[in-house]
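*Asks:* Please find one structure pasted underneath; my questions will follow.
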Amino acid sequence: MASEFKKKLFWRAVVAEFLAMILFIFISIGSALGFHYPIKSNQTTGAVQDNVKVSLAFGLSIATLAQSVGHISGAHLNPAVTLGLLLSCQISVLRAIMYIIAQCVGAIVATAILSGITSSLPDNSLGLNALAPGVNSGQGLGIEIIGTLQLVLCVLATTDRRRRDLGGSGPLAIGFSVALGHLLAIDYTGCGINPARSFGSSVITHNFQDHWIFWVGPFIGAALAVLIYDFILAPRSSDLTDRVKVWTSGQVEEYDLDADDINSRVEMKPK
């Protein structure tokens, strides 16, 4: 873990997460806040159209940034995704901690910038996640779990280097998954499925009501996605010792893509 801490590539990846998170939050939430303007000038703009625009803004921004910085940091841009990849033994504990810090700080910075730019908007929530009227905490938690589960499951499947059947764009597939999560959850919770995104809005607005839902739900969803994919759908043969080595070293060998049996389980070992 100490050796990884000293590497320039490690810190470059952390900075990439920070900068990409700023762009992601600014673009996606900025798009949502922009609804105040067309609604006033164009009365035909409805809630359904608004939800689609928000969903596309979040999904396409993730796809774009994943393509832009994915080769540098992996473009997690979400603590739930980072937790999922940690539990899947693809990153070290140190990297996970630093990524989550970078993501949260990036979200705060972006939301603060948006707060200044959109200060004239009435009732400006800055994209604050909140339970819709009639939705209780248990229901909101369930929505966040399901929305995040499908996202992390998509990330694990799309980035699985054992697969030879993948075609098209991985970042675009993940972006569509983010958009799908928003289409599902936006009417119930405002769609968190990203604790850092929720945290930034709560910090700047000083509103932490029901905020725990937007951490606990995504983290449970991420853990369930790893359980389903790594232990049921596409299990890997790695014991506890190997997993601990990956968590501490952060270095994982490439999958054996030349294996005769591509359906065989692949063991992940640190270098």
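For all residues, glycine too, the Cβ spot is worked out from N, Cα and C.
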*Asks:* Among the residue ranges 33-45, 189-201, I'd like the one that Swiss-Prot describes as intramembrane segment.
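*Replies:* Result: 189-201 is the stretch Swiss-Prot calls intramembrane segment.
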*Asks:* Check for me whether Swiss-Prot puts Pro133 and Ala185 on a single side of the membrane.
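*Replies:* Going by Swiss-Prot, Pro133 and Ala185 are on the same face of the membrane.
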*Asks:* Which residues of the chain, 6 or more past the ends of the topological domain 'Extracellular' (112-135), have a CB below 8 A from one of its CBs?
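*Replies:* Apart from its flanks, the topological domain 'Extracellular' (112-135) reaches 22, 25-26, 28-30, 32-33, 36, 143, 187-192, 197-198, 201-202, 204-205, 207, 209-211, 213-214.
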*Asks:* Give me the stretch from 12-29, 49-67, 93-111 with the greatest number of Cβ pairs under 8 Å to the transmembrane segment (166-183).
*Replies:* 49-67
